[in-house]
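For 2, the entry in TrEMBL reads active site, for GATase activity. The ATP binding site annotation in TrEMBL covers 231, 267, 341, 342. Residues or ranges marked as domain 'Glutamine amidotransferase type-2' in TrEMBL: 2-185. The site 'Important for beta-aspartyl-AMP intermediate formation' annotation in TrEMBL covers 343.
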């Protein structure tokens, strides 16, 4: 994972402007501490902060075509770059970087090549022959990108808001699955899968196809020239990632370089559910397991730094980002630069506990579609920025394009939670890996109840955050919240505290508008809150807010002013 910054069409192309671009690019150096690069062509600047994962010795950026008329700065990984190079056999490559194919694909196919890329990416490409440019972001928005406009008419792109917010009049989160073209004048969608229409699919459930597609998604993400590991919470999703990696690692190219014993990492408060479950999975798989701890106070002390890095005031995201941020620092200290993680499964399969109340398959399917479309604002943002804060790259095999297409084509009746048939949340995924002859996981782990990451690290973590917010924010302050923050008004003291920290770093209206809002219970959309009348009195994003579903659910309603049970 790297940091990219591009400024195109500046009025000023002086040495002072170049120095300013370099200064702003350094705000992204945490994402790419291994090397810095910049290319200037007249009034266009492309800067890069590199985290070297593939081809560490020669893959520095920006990257070019043969005659250097095409310049590209890329943040991400292109997993099918070797296959694409075969299609580009007439081209000469300068490096072993997986991202160099982008410059040559543009030469060969023009702007319509983005759908050929299999990976996670954000890139900006400048064609110096006519000073046209394009920018694109991966299908789901795993890799962050922002788009802004300067007072002088310049167009800006950056991996994080902090690199452009001071110099742009207006900026937005670059939408996933889109391309920006200076020739065609704006944004257009390049990613148009069948599920995007939200029409109800009818393909029968095929557990073998689902399992094999996921295994391919995991294996392709073992592409690395540096040490790596798996984030293992002990829940279903991360445990399946670890199990599949463990099963295929020995025969991979990565094992020849770094050995065949998998390293796994888990963080939590001492005695937390995740730590116990993760150790059991690690022991079962025989991984080299690293159990990391934090205290509630250490998490509270890190809040300002976490919000600065993840660039949101969303309560759920901050709750879960803080332990991930602390874990990433310790992972980097161990010399690991890349990790695989389990994000995306709950959105695809209806894994959050509120899906127990889905009234029918149509509403369940529409909710999963909406959740996937919003991932770039929540879990993708958290997984990327929490790890990138310390120069670690997170890869997410559940968000593989092929896997999503297979999983989202299944008749959603199979995803409905049916206790009468023994189907709990994510049954279709659990069943696909329920192999008695060659088991992937112990049965009780394979069928463990869903825990959101911010809950699983220890229930007292969220309770501690609420107590801290109660001490920092007065009742009188909350009475005035809708006047101080009229847009996306915080409804809890915890939310108010995070909003004040966020606006200290990012005061512009454009920054506030990049953060979603609306009522939620256990990570639902606002629409799904309607599935159960009691939830409107219990609007908290914790999984424990799913009253009558979670085994450790809150006892009764929640006072949303004071952040705690009544």
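Along the chain as shown, residues are numbered 1 onward.
Cβ atoms here come from the backbone N, Cα and C positions, even for glycine.
Straight-line distance linking the Cα atoms of residue 231 (ATP binding site) and residue 2 (active site, for GATase activity), rounded to a whole number, equals 20 Å. Every protein chain considered, the tally of other Cβ atoms within 10 Å of the Cβ of residue 342 (ATP binding site) stands at 24.
In the shown protein chains, 28 other C-beta atoms lie within 10 A of the C-beta of residue 267 (ATP binding site). On a Cα basis, the residue listed as 'active site, for GATase activity' lies 21 Å away from residue 342 (ATP binding site). With a cut-off of 8 Å between CB atoms and residues at least 6 apart in sequence, the same chain places 230, 231, 238, 241, 383, 394, 395, 396 near residue 341 (ATP binding site), listed in sequence order. Counted over all residue pairs in 231, 267, 341, 342, the record's binders of ATP, the longest Cα to Cα distance measures 15 angstrom.
For residue 2 (active site, for GATase activity), the same-chain residues lying six or more positions away in sequence with a CB closer than 8 A to its CB are 31, 32, 48, 49, 50, 51, 61, 74, 75, 76, 159. The 10 Å shell around the Cβ of residue 343 (site 'Important for beta-aspartyl-AMP intermediate formation') contains 26 further Cβ atoms across the protein chains shown. Separating the Cα atoms of residue 343 (site 'Important for beta-aspartyl-AMP intermediate formation') and residue 267 (ATP binding site) is a whole-number distance of 16 Å.
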